[in-house]
């Protein structure tokens with residue numbers, strides 16, 4: 001349980017850190033800074049074992065590149081920009097629709113059955129998202145833009161989870177993550193000038209927060225998740241990740257003195273209820289699993305149907 005606790009707290013803290021850094025770093029520069037730090041941290045453990053690994057095929061390289069562009073590139077920029085418009089707790093609730101999006105994609109691309117539970121869960125979850133979108137505390141269209149950007153992050157993460165499944169059957173999870181993170185950093189290189197300018201102007205404390213995002217939520221949390229996965233079923237572990245939003249909300253109250261609008265709480269509960277209903281109809285392992293990556297010998301995506309978003 002220690003590994004689970006560390007993972008949940010670090011992932012929740014990422015939403016709060018991103019929100020806090022919004023005043024010092026642009027979405028693009030923050031993405032690049034976090035990915036550079038994460039790539040270096042992961043590479044320190046992955047690079048020494050690289051020669052002993054099987055070489056990715058062309059198709060595997062294509063999937064790794066796609067994951068890097070989508071999950072590490074677009075996801076981070078969209079989430080960072082989204083948190084300029086919505087609070088950390090709301091963003092974390094919106095990202096929890098990913099398990100249902102993944103289930104829908106699995107039905108389309110992997111031939112899984114679209115059950116009544118899945119249909120009902122989908123309706124409930126997106127009703128919850130609609131409530132969150134209506135939770136306007138005066139920002140108007142800016143709030144809707146933030147909701148839309150967080151949903152973009154959820155969609156690209158879900159697509160990445162589908163792409164990961166064939167990779168982990170042959171390649172170590174740590175190295176897939178390192179390579180994809182490095183691709184994401186390359187994708188974000190157009191923001192290097194902004195990163196330099198922002199880093200020069202930012203206080204030392206904010207720069208340390210960027211390092212924190214790269215090392216802790218991106219590297220350490222992935223490792224503790226893999227440790228927990230060795231000792232728990234993927235389904236049981238996946239359920240615990242739905243504690244991320246309430247942890248994020250508490251952290252937002254403590255460190256940022258902010259909280260989602262009241263109606264957003266109802267929307268978040270409805271969205272999470274939808275995810276629970278959709279998962280209830282699963283009677284056999286899915287061909288997709290948890291998409292959190294973290295060690296050189298632990299699969300990112302086991303054969304249970306629980307995938308939830310990373311930060």
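Backbone N, Cα and C define each Cβ position, glycine as well.
Feature annotation from TrEMBL assigns domain 'EamA' to 7-133 (among others). Broken down by DSSP into helix, strand and coil, the domain 'EamA' (7-133) contains 104 helix, 0 strand, 23 coil.
Annotation comment: TrEMBL describes 145-277 (among others) as domain 'EamA'.
Per TrEMBL, region 'Disordered' is recorded for 284-311.
Positions annotated as transmembrane segment by TrEMBL: 30-48 (among others).
What TrEMBL lists as transmembrane segment is 60-79 (among others).
Taken from TrEMBL, the feature transmembrane segment applies to 91-110 (among others).
The transmembrane segment annotation in TrEMBL covers 117-134 (among others).
For 146-164 (among others), the entry in TrEMBL reads transmembrane segment.
What TrEMBL records for 176-195 (among others) is transmembrane segment.
If you look up TrEMBL, you'll see 207-229 (among others) marked as transmembrane segment.
Summarising the annotation, TrEMBL assigns transmembrane segment to 236-256 (among others).
According to TrEMBL, the transmembrane segment annotation covers 262-278 (among others). Sequence-distant contacts of the transmembrane segment (262-278) (same chain, six or more residues past either end, CB-CB distance under 8 Å): 89-90, 93-94, 96-97, 99-100, 103, 117-118, 120-135, 242, 245.
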For the transmembrane segment (30-48), the candidate among 60-79, 91-110, 117-134, 176-195 having the most Cβ pairs under 8 Å is 176-195
Between the transmembrane segment (91-110) and the stretches 60-79, 117-134, 176-195, the largest tally of CB pairs under 8 Å belongs to 117-134
Contact set of the transmembrane segment (60-79) with the rest of its chain, CB cutoff 8 A exclusive, min separation 6+ beyond the ends, reads 18, 27-28, 30-31, 34-35, 91, 95, 149-150, 152-153, 156-157, 159-160, 163-164, 166-167, 170-171, 176, 179-188, 310-311
